[in-house]
Each structure stands twice: as structure tokens, then as C-alpha cells.
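Chemist: Annotations for this protein, taken from TrEMBL, read as follows:
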TRANSMEM  100-127  transmembrane segment
TRANSMEM  133-150  transmembrane segment
TRANSMEM  186-213  transmembrane segment
TRANSMEM  262-282  transmembrane segment
TRANSMEM  294-315  transmembrane segment
TRANSMEM  352-371  transmembrane segment
TRANSMEM  383-400  transmembrane segment
TRANSMEM  420-440  transmembrane segment
TRANSMEM  447-463  transmembrane segment
TRANSMEM  478-509  transmembrane segment
DOMAIN    533-733  domain 'STAS'
Amino acid sequence: MEHVTPCEDVPPPLMYRVERPVFNEAYLHTQLLHPRERIPKTIRQRLAQQLHCSSEKAKAIALSFLPILTWLPSYPVKEYLFGDLVSGLSTGVMQLPQGLAYAMLAAVPPVYGLYSSFYPVLLYTFFGTSRHISIGTFAVISLMIGGVVVREAPDSMFTIQALNGTATNTTVFIDTEARDARRVHVAVVLTTLVGVIQLVLGLLRFGFVAIYLTEPLVRGFTTAAAVHVFISQLKYLLGIQTPRFSGPLSALHSVTAVFSDITSTNVTTLIVGVVCMVVLYCVKDLNERFKKKLPVPIPGEIIVVMVSTGISYGLSLSENYQVDVVGTIPSGLLPPAIPDFSLLPNLVTDSIAIAVVGFSMGISLAKIFALKHGYSVDGNQELIALGLCNFVSSFFHTFAITCSMSRSLVQESTGGNTQIAGLLSSMVVLLVVVAIGFVFQPLPQTALAAIIMVNLLGMFKQFRDIPALWRTSKIELAIWLVAFVASVLLGLDLGLLVALGFAILSVIYRTQSPKSVILGQVLDTGLYCDVDEYEKAAECTGIKIFHSNSSIYFANSDLYLNALKEKTGVDPVHLQAIRKARKRELKKESAERESQNHKSPQKMRAVVKLDVELGVTHEVVAGGGSQNHLEVQGNGQVAETHTESDSEETRFLEPLCPVHTLILDWTPVNFIDSVGAKAIKLVIKEYAAVDVCVFIAGCSRTLLAELRTLQFFTGVATPEMVFPTVHDAVLHCRRRTAPPTIPAIQ
């Protein structure tokens, strides 16, 4: 303190003084707290309230359904327009090659990737609540669609045998035109069903479903999807022809097929692909290193597309070196058409998985940008927006979409402020589709494969999660690994199902293996902490305070009671056994004394007579503790006090253990069901039989309401044994067990 100058006086600590009686639930419920009287509403009144229409309510509904109306009328043109313009052009330039490339993942012709990069982006501008995410094609969703498409329209369905002059010499080839048309139909129907599911979930306010896809699950799943995507692009990078597999172990089958046919690698295709990968990687590295100095990221994808297209056209790579190219890209937009709904029954399960994964990707990225820029996104409206984008666009021959992480980062980092940037990027795609789509016909497929592979680098960096999760949470690490391994081996659809099931089981495991501790009081405070962890926390004499951080329900009620008996060291069954053994022992001793007294009654009487004559108080101890006290009173009479039965009763009623009270700290208990309530009442009764009182502390009002609904406060359980805090319960127990004070005799 001598180093503290007057201007640096330390302010006195803020004191917390409360003086009140010790409360229990009976007093709180009847005297202190008075619930508000609420008149229950009839169904008719509730319907009338919900269906009541007013101008304010109509305006609120319109604004929630069309979020663009909330910000477009007040759009600051001078502040936002230039940034949105630059961002829209940058994102649109990036959207073009990714749309072409991800269409290959979806197993449909590349032009359908451009359709999917136009219609959904246009619709999301009006219905989406996020201002920064870029809607369109995405590798994971495209790969999931491709797996379904290949399963429903495999190459084997379109093989044709052609005769080579003789009946015995035939050639088998695939009718690619019919195959591609069938695959487009499957992708479109699947997209329609995905849109319907997302739209219905949004209207039913099921935006919370994404919370069940925990972050480790999503990251493990997307890393596995990156592995699938990388494997699927190997054949395009090497220029070999292998079948596309789907279902369990499809990744292993694809790798086996590639390596079994690796001797037929097209060297020219491989060189073009590797050069494109090197250029893309260097450009991305430059963008990352100098992102603060570059006004706009260098558009590496469009540079690679334009240069490789020019080289392919100039050198005629398709004719001279057998390099596979994109091929025909029809100009203009296709007229709308109704999907073939006869395919729906086979696609329900897949559509649910794609709908949930697509929404999860979108809402997670939207929340990140909303938190960064200080606005909010509505999960239910996002579901409706994605549902409308998929459903309406499917009539214009698109496949399912969601937001892209790489494009969203570009849209945000280049100055995008609203979805005007997304609208401008869709206009860039429209310009290419309508006017200059034919320019990309000579584009080598290996260049698109290089774009896809390099864009997977961000997903492969998620392997860094493994050491981080090992240090922080072993359970989340297990979820990550299960999601990754299951999705790689079983496929993305079954892998997601397995990972989701494992995540739910992990929650059940946590509730069934909570941390249970004994609390002790911190000296001179009302605080109670774990006695094993904190030195200042000391147990109260004769009182055990049990704390378990879990709710009590059918799945863990037995575990809760077992932990209670183990931690406190007070087992009523064991104490009952001790009491019965003690009772048998006392009964045996009593029988032995009676037998001994029956054999020598005369001797005992003689001794007593002699002692009376001498006026002596004498004790005869026999049979291990029985006593007779003989006293000569003042009037010459002898007073004889027999304490044998009192001694037996005292020994029988000795405490069976030093603990006389248990306090259950229910502060972390969120709910209790009928099974848990019955288990607690049963254990209260068991402890009462061995003279151990049980009290409950820290119940929330919601939990108390549940207990009353379950008729918990009947029989052995009463409101008087429930206290609002642990300290209330401890003070009550100390007063109850304190020895009575005897007033002094004047």
C-alpha cells in the first residue's frame, strides 16, 4: 500500500448484504409469490387473434416475405452502388467457370450450370435476407445431385451395340444424348422436390433444423465431400474414360477404376490440367498475400478459362490431341417445362438430405456475414427463399443450389453491400448464355477439373480441425471423424444420416454421463463449489450437497441415483442392512442376559441387600453392559434405577452414519419427467427409513411447475423440503440439527 499515491486510491469493494428469513417453497408459493391470473382463451378466440388482419400486420407479412422492400427504398446510391457494381462483376466472372465446372459434378451438360447460376441468383435478390452470400452452384450439392443422377440414369441403361460388318463383330457405345437428357430430367425433378421440402419447412417455421447439423458434423461432412469431388475429377484431369459410381464404397471403386486405367492417360490433357492448377494456385496465393493492396481479387478462374479456351481453339486440341472439351453450348434460354414427376418416389430420401445440407450451408455462412456487418438473418425466411429459388428455377431446367463459400467471400471482400451485387452477377451470366456462350465450346474439361480441384483447398484445410478438437473436445472430434469416415465410405447421403445419428447419440451420452460433485461452502459466503477442485470449499458437518449437471428423466434417473449414493457415500440399502444386523446383535445380547439373570437371582438379591445396609451405591455389570443403580435417599429408602432397556435403545438409535442430511442442488436441472420424479420420491423414502433427510435446492419456477403437474408434492415429498438456494437449505439444516439450548436454573 505504501506505493499507492493518493490519486490512485483503490475504491472500496462493492458490498452485497442481504438479510432475510430462510425461505422454502411452501412459504414462497403461498405467501411471497402470487401468480398472475390468466383467463384461458378459447380456440375460437385464438383463431380470431391469429387470423385478425390489419394494415400493420399485412405490411409486416409483406416485408418478411419480400425482404428487398426493407432496404431497397432507402438504398444509398452514392455509398453502395460502386461497391455493389464492382462486387457483382467480380462475382459474375467467377460464377461462369464454376457454373460450367459444377455441372460436370452434377453429371449434366455444362450449360445447365449456367442456367443454375442465373435464375436462382435473380430470385434470391428479392426473397433472401442475407446481403452478402452468393447463391448458385456449389461443389457439395452438385456432387450429391450427381450421385443420385448416375444412380437413376447409369451408362448401362444407354449402351447400344453396333455391328461391324458381321454378326459376330459388334461395338458397344453409349447414347450420350439420350443419357444426358434423362439425367437432366432426374436432376430437375430432384431440384423441384428439394424446393418443395425447403418451402414447406420454411412456412412451418422449421428454420431451427439446421442446429442439429453441428459445426464439427458439417465440417467433417464437407471434407468428405471434398474427397469425393477430388476423386471424381481425376479422370478428367488424366483424360481417361471410367464409369461413374454411386452408393457405398463408390469412392474406392472410382479410385480403383482410375488407377486400373491410368496407362491410357492422355498426356496433353494432363499437361493442360496441371498447368491450369499451378496458375490457379499461384493466383489464389497472390490474392491472399496482397488482399489488402489489391482493389479487386485477380479473377484467376476466368483467366484460365479464356486462355485455355483460346489455346484449345487455336491448336485444335479436341481433333489433334483427343482432349475432351465442353462441346455444344446452345445460345439463349430454354422455355419453361413441367418436370417429369413420375420419378418422385425414388428421390424423396435424397431430396431431404440435399434440402437440409443446402440450407445448413447457406444459413451458417449468412449468419457469419450478418454478425460481421451488424444485421440479422431470418432462418425461416432463408428456407423459404432457397425453396423458391430451387422450386421456381427447376421449371427452367436448373439443378439444386445453395451459397458458395468462395464466391461469397469474393462478393463481400470486393465491396458488396446488398444483393444488388448478386443481381449484377446474374446479369453477367445471362449475357454469356444469351450472346457469347458459343465462345466456351472449345474449353477443355481438364481446365474445369483444375478449377474444381484448386477450389477444394479451403475444404481440405479443415483437416486442421483434428488437432484443435483433440485439445478442446474429444466428443466433437469423434463427431467430425465419424462424419468424415462414414461419408467417404458410405456415400454422402448415408454418411450424413450416420453422422446425424451419431451426433444425437453423443447428446444422449452426455446426459447419461454428467459430472457429479459434492459441494462445499466457501468460508463466510453463500457460495458453494466443488470440494475436490477448490481448497476454500469446505463440507458442512453432517450435510452432503450433491450437484449433477444434467436433467432427470427416464434415460438417466437410475444413473443419477447411483451417482448420488456413490458420491455421498450414503447408501440406504447398506445402512438398512447395518441396522438389521445391529438389531439382531442386541436381541442376542438381551437373550444372553436374561438367561444369566435366571441362573443367579438369589446372589444378586443378597448383594443388593448388603449394599442397602451399608448405604452404598453399587453397580453390578453383567452381560456386556447392563447396569443397576442403587441409591440411599435421605428418608432411608433405596431408589433403584434400571437402565438396561435405555442402554439398548440408545445403542439401537445411534446414528448409522455421520451424515444426517442430503441436499440435492437442482440448479442445472432443466426438466424432469414422471419416471425421474418417481425415482426421486422413492430415494427420499429410502433415506427417511435410515434417518437421513433429503432436501432440494435451486429449482427454477418452470421445474417447480412441472413437479406440481407430476403431483410430486404428495406423501414423503412436500414443498417444505424445497428451498430457493443451496444456502437457504444449509441454514435450515443447521438449525434443525442444532442441540436445544437449556435455560440456566436460577
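Glycine is treated like the rest: Cβ placed from N, Cα and C.
The structure displayed is predicted, hence computed values, not measured ones.
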Chemist: For the transmembrane segment (133-150) and the transmembrane segment (262-282), decide whether they are in contact, meaning at least 3 CB pairs lie under 8 A, counting pairs 6 or more apart in sequence.
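Modeler: Since fewer than 3 Cβ pairs under 8 Å link them, the transmembrane segment (133-150) and the transmembrane segment (262-282) do not come into contact.
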Chemist: Look over the recorded stretches 100-127, 186-213, 262-282, 294-315, 478-509 and say which has the most C-beta pairs under 8 A to the transmembrane segment (383-400).
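Modeler: Stretch with maximum Cβ contacts: 186-213.
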Chemist: For the transmembrane segment (100-127), give me same-chain residues lying six or more residues beyond its boundaries with a C-beta closer than 8 angstroms to one of its C-beta atoms, as numbers and ranges.
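Modeler: Residues 65-68, 134-139, 142-143, 145-146, 149-150, 180, 183-184, 187, 229, 232-233, 236, 244, 305, 326-327, 329-330, 333-334, 381, 384-386, 388-390, 392-393, 396-399, 401, 419-420, 422-423, 425-426, 429-430, 432-433, 437, 440, 443, 445, 448-449, 451-452 contact the transmembrane segment (100-127) from elsewhere in the chain.
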Chemist: For the transmembrane segment (294-315) and the transmembrane segment (262-282), does the number of C-beta pairs under 8 Å, pairs 6 or more apart in sequence, reach 3 or more?
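Modeler: Yes, since the transmembrane segment (294-315) and the transmembrane segment (262-282) share at least 3 Cβ pairs closer than 8 Å, they count as touching.
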Chemist: May I ask for the residues of the chain that lie six or more residues beyond the transmembrane segment (420-440) and have a Cβ under 8 Å from a Cβ within it?
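Modeler: Long-range Cβ neighbours of the transmembrane segment (420-440): 75, 80-81, 83-85, 87-89, 91-93, 95-96, 99-100, 110-111, 114-115, 117-118, 121-122, 124-125, 134-135, 305, 309, 326, 329-333, 411.
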Chemist: List, by number or range, the same-chain residues at least 6 past the transmembrane segment (186-213) whose CB is under 8 A from its CB atoms?
Modeler: 106-108, 112, 145, 148-149, 152-153, 339-341, 343-344, 347-348, 350-352, 354-360, 363-364, 378-395, 397-400, 500, 503-504
Chemist: Same chain only, please: residues at least 6 beyond the ends of the transmembrane segment (478-509) with a C-beta under 8 Å from a C-beta of the stretch. Say none if there are none.
Modeler: 140, 143-144, 147, 212-214, 216-221, 223-225, 227-228, 246-252, 349-350, 353, 356-357, 465-466, 469, 555
